[in-house]
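For reference, the structure is listed below as structure tokens.
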């Protein structure tokens with residue numbers, strides 16, 4: 001396939017080996033100006049240290065760094081959290097939720113600098129290529145998209161290092177990289193290495209943030225979360241922004257080994273992959289939010305929220321954030337969350353986040369109605385008529401069967 005003519009391209013730059021190679025490769029193969037874009041989504045200060053100089057040393061004419069941490073948690077993570085989304089019952093979508101905001105910010109930089117193309121460093125085997133390019137299609141259909149991993153003939157880290165060395169481009173990456181990792185404020189994922197064999201238990205070096213639950217403190221710790229409209233607004237009596245609340249709970253949860261999962265998931269592109277994910281703060285938030293929902297939502301609303309969560313998990317995972325259906329589901333979840341206000345105490349102990357106390361001014365739970373003793377507000381004789389009507393279709397079906 002012939003290459004398109006490109007004058008200026010904005011590349012999503014991480015500072016790692018792949019994107020360090022991509023910058024000179026773009027200049028050589030497309031004869032274009034390359035602008036580096038770096039998204040700060042909470043991956044850690046050490047990942048960002050010296051990154052602008054690194055990008056320019058690789059050949060970028062400019063480097064834009066966008067602090068997206070607060071926006072990501074407030075506008076992407078919290079809305080998804082309100083749907084109750086777990087992908088395939090376990091995964092809290094850490095990587096998936098970060099991609100749409102990175103893509104959106106990358107498009108904004110492209111518009112600012114007058115670029116006519118966008119570039120990402122995702123491989124041709126993973127989900128992220130779909131997430132980025134799906135977002136680009138929704139936000140900037142007029143811009144060309146370049147995916148070097150689907151074009152070049154570099155197939156190993158050794159070849160990538162040689163490529164940079166031949167061009168005298170400095171790179172601190174090592175030849176042997178055991179694991180592939182992705183981190184943001186919500187989670188860190190680890191893939192590859194020993195995890196590629198599902199019969200291998202994860203090594204301790206598969207975990208980065210969290211303490212081994214067996215080595216966690218022998219004394220439990222309790223955190224109190226205040227929830228308003230489905231969002232954590234305060235922790236342990238202190239009002240916090242969404243990002244600061246997450247950072248605080250990450251620290252508390254990691255100390256007690258909370259939020260570890262080892263999962264084999266179905267990728268969008270058809271294959272299965274295995275990963276170890278750590279989401280300490282997110283796990284605590286999800287448990288607290290669900291506890292308030294149990295108090296506040298009626299049966300039909302709770303069931304509907306469960307359905308929304310299942311669909312939302314697939315839409316977010318599959319890179320369909322900027323679609324009408326995803327927007328509609330998020331809007332419905334937002335409406336359901338209007339009365340999800342309350343306070344929850346969560347016990348952190350040996351890898352578990354357990355709700356021990358919960359209350360809400362909007363609670364539909366009534367001790368008077370729920371009591372098993374004698375009461376004045378619930379006449380048990382009324383239940384018989386309800387059950388007869390509730391089971392009417394089953395009764396008619398059985399009677400019809402008896403006639404045959």
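Glycine residues also receive a Cβ, built from the backbone N, Cα and C atoms like all the rest.
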Since Swiss-Prot lists 12, 13, 14, 15, 16, 17, 18, 19, 20, 39 for ATP, which candidate among 89, 94, 114, 121 does it give for that site as well? 121
Among 172, 189, 300, which residue does Swiss-Prot annotate as binding L-citrulline together with 91, 96, 127, 131, 180, 265, 277? 189
Report the largest Cα to Cα distance, in Å and rounded to a whole number, among the residues 12, 13, 14, 15, 16, 17, 18, 19, 20, 39, 121 that the record lists as binding ATP. 17
Helix, strand or coil for residue 180 (L-citrulline binding site)? Use DSSP. strand
Where the record names 91, 96, 127, 131, 180, 189, 265, 277 as binding L-citrulline, the maximum Cα to Cα distance in Å: 19
Quick one: what's DSSP say for residue 14 (ATP binding site), helix, strand or coil? coil
For residue 189 (L-citrulline binding site) and residue 12 (ATP binding site), determine the Cα separation and express it in whole Å. 19
